[in-house]
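One structure is given below, encoded as structure tokens.
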């Protein structure tokens with residue numbers, strides 16, 4: 001008898017409320033209203049009671065048929081009762097055998113539309129991996145855990161939150177297929193599934209290097225084959241034709257690479273591989289489809305004698321671009337007017353330099369004014385909104401991510417007339433008079449081999465400004481790295497810096513002001529080993545990408561987030577005090593999730609493409 005309790009104050013209040021309502025004109029209560037009055041107050045020590053409730057539920061509703069009120073008596077929560085009752089009514093038609101009934105109640109199989117399904121199938125009926133319900137990549141879901149809180153939208157498991165007539169489904173990781181049904185077992189019908197499995201041909205693509213002996217080293221610099229057609233199917237122009245000879249005259253070609261007939265070659269050591277000139281506008285070129293070995297630049301190719309601690313690297317800066325087409329700024333790039341030019345350091349750059357010697361912004365902090373004078377805001381004209389980040393590389397050219405311009409799954413296909421750039425900004429929303437410059441775009445150039453369909457490979461685009469932008473304390477270009485700088489700095493454990501006005505955290509909140517910063521944010525992130533990057537995701541990683549972020553056991557946190565895309569990942573060289581843009585914020589699976597990292601476009605890998613475009617159209 002020791003567990004028997006009196007009614008107590010909560011019970012008295014409930015009884016008083018009930019008596020009051022009975023004596024009023026509303027003699028009968030709605031079922032939900034009555035149940036809410038009779039609901040018992042939960043106690044902290046409820047382990048025994050939880051077991052008792054489970055026993056009651058099984059006795060009342062599994063061994064026998066029960067009513068909504070009886071289920072509520074066992075569960076004591078309107079929300080839990082509603083969820084249970086929805087499954088119970090669906091599963092009632094398969095009460096026997098008991099095992100099938102329990103499988104249905106516990107969601108291990110689908111009944112009717114499969115609204116009850118809570119299993120772990122996470123591939124569609126054609127074999128496509130499901131997208132995480134909490135993710136916005138590759139598709140922005142209109143259904144999520146906030147819009148459908150009772151639908152058990154966990155991980156990337158197939159569910160039917162909208163009662164689709166085709167059964168459980170999921171958003172897919174294929175950018176060309178938004179959502180697709182899953183093949184899940186049907187309750188009480190052994191061997192039958194909601195839809196038939198019909199795997200697509202081709203299978204999955206694993207993060208594997210090309211087989212040894214079947215790939216070209218040095219990005220095809222030594223290729224002597226007879227391929228004379230580009231990836232896009234265009235025939236190559238002969239190297240000794242007048243257009244090709246005219247264009248080659250001022251190029252820094254390797255004399256050891258023999259330019260024979262119209263065969264694809266790589267005379268300028270383009271990290272993209274072999275290419276050729278093609279007919280069309282003067283200077284048109286295209287890349288050729290050859291199989292290149294994966295060869296890391298920086299990261300694994302590390303020479304201890306050229307380490308930061310050894311200080312043996314040449315500190316002299318050499319320009320790379322033709323000023324006539326590139327514009328002004330390269331000779332002075334990466335030297336910030338308010339810091340390096342005044343021999344001052346910002347508050348956190350020591351963290352970067354220490355990491356060199358020692359071996360989307362979430363959890364970032366407000367940036368000091370002028371800390372990233374190359375930061376650009378890519379702005380949509382109508383509706384007026386921040387679209388992406390970008391970076392200033394000269395007074396005429398801006399660098400950003402291709403997916404900021406073109407990404408069909410999000411209905412993105414912007415032209416020069418849709419966008420403008422805002423340069424020199426610190427505040428996210430306020431117009432900064434006499435500081436920021438607003439510039440129109442003359443032309444957008446997206447990498448021709450940008451792969452939005454699979455993995456955002458070559459996620460890079462160039463924006464040509466209509467007019468050169470004047471430099472100031474708050475407007476100054478960043479440097480693009482050479483091979484020596486990449487080899488010295490792009491090392492696992494070394495930290496780079498990401499800046500942007502992106503979301504402060506990953507969330508589905510409708511109050512956007514809760515997650516958007518008022519000023520530019522900055523975060524310093526360590527580069528991650530390539531095998532760890534590959535192991536962290538099912539998406540195929542190429543050597544045009546690298547990843548950065550904190551590992552599960554690291555005490556510090558931080559990441560880029562939605563809105564930071566297209567912005568720069570920069571590192572400061574201790575040899576010449578210049579800042580170099582090593583990467584472009586490209587993609588990630590959420591923001592600052594444990595075991596997940598941000599992926600960045602490898603700028604050096606695509607530097608020759610940048611040069612060719614600028615030489616042709618500058």
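We count from 1, first residue shown onward.
Each residue, glycine too, has its Cβ placed from N, Cα and C.
Now, the feature entries from Swiss-Prot:
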- 50: 4-carboxyglutamate (MOD_RES)
- 51: 4-carboxyglutamate (MOD_RES)
- 58: 4-carboxyglutamate (MOD_RES)
- 60: 4-carboxyglutamate (MOD_RES)
- 61-66: disulfide bond (DISULFID)
- 63: 4-carboxyglutamate (MOD_RES)
- 64: 4-carboxyglutamate (MOD_RES)
- 69: 4-carboxyglutamate (MOD_RES)
- 70: 4-carboxyglutamate (MOD_RES)
- 73: 4-carboxyglutamate (MOD_RES)
- 76: 4-carboxyglutamate (MOD_RES)
- 91-104: disulfide bond (DISULFID)
- 109-187: disulfide bond (DISULFID)
- 109-187: domain 'Kringle 1' (DOMAIN)
- 130-170: disulfide bond (DISULFID)
- 158-182: disulfide bond (DISULFID)
- 215-293: disulfide bond (DISULFID)
- 236-276: disulfide bond (DISULFID)
- 264-288: disulfide bond (DISULFID)
- 361-615: domain 'Peptidase S1' (DOMAIN)
- 388-404: disulfide bond (DISULFID)
- 533-547: disulfide bond (DISULFID)
- 561-591: disulfide bond (DISULFID)
Helix, strand or coil at residue 276 (disulfide bond) [DSSP, three-state]: strand
Between residue 388 (disulfide bond) and residue 547 (disulfide bond), the C-alpha gap once rounded to whole angstrom: 19
Distance [Cα-Cα, Å, rounded] between residue 404 (disulfide bond) and residue 547 (disulfide bond): 19
Nearest-integer angstrom distance between the alpha carbons (Cα) of residue 61 (disulfide bond) and residue 70 (4-carboxyglutamate): 8
Surrounding CB atoms that lie within 10 Å of the CB of residue 215 (disulfide bond), all protein chains: 15
Nearest of the recorded positions (60, 69, 104, 170) to residue 187 (disulfide bond) - Cα to Cα: 104
Residue distribution over DSSP helix, strand and coil in the domain 'Kringle 1' (109-187): 0 helix, 14 strand, 65 coil
Top Cα neighbour of residue 276 (disulfide bond) in the set of recorded positions 60, 64, 66, 533: 533
Neighbourhood of residue 66 (disulfide bond) by C-beta distance under 8 A, where only residues 6 or more apart in the same chain count: 60, 88
Least Cβ-crowded entry, counting other Cβ within 10 Å, from the disulfide-bonded residues listed as 91, 130, 158, 293, 388: 293
Of the recorded positions listed as 69, 104, 109, 293, 547, the one whose CA lies nearest the CA of residue 158 (disulfide bond): 109
Surrounding CB atoms that lie within 10 Å of the CB of residue 60 (4-carboxyglutamate), all protein chains: 16
Separation of alpha carbons, residue 236 (disulfide bond) and residue 91 (disulfide bond) (Å): 65
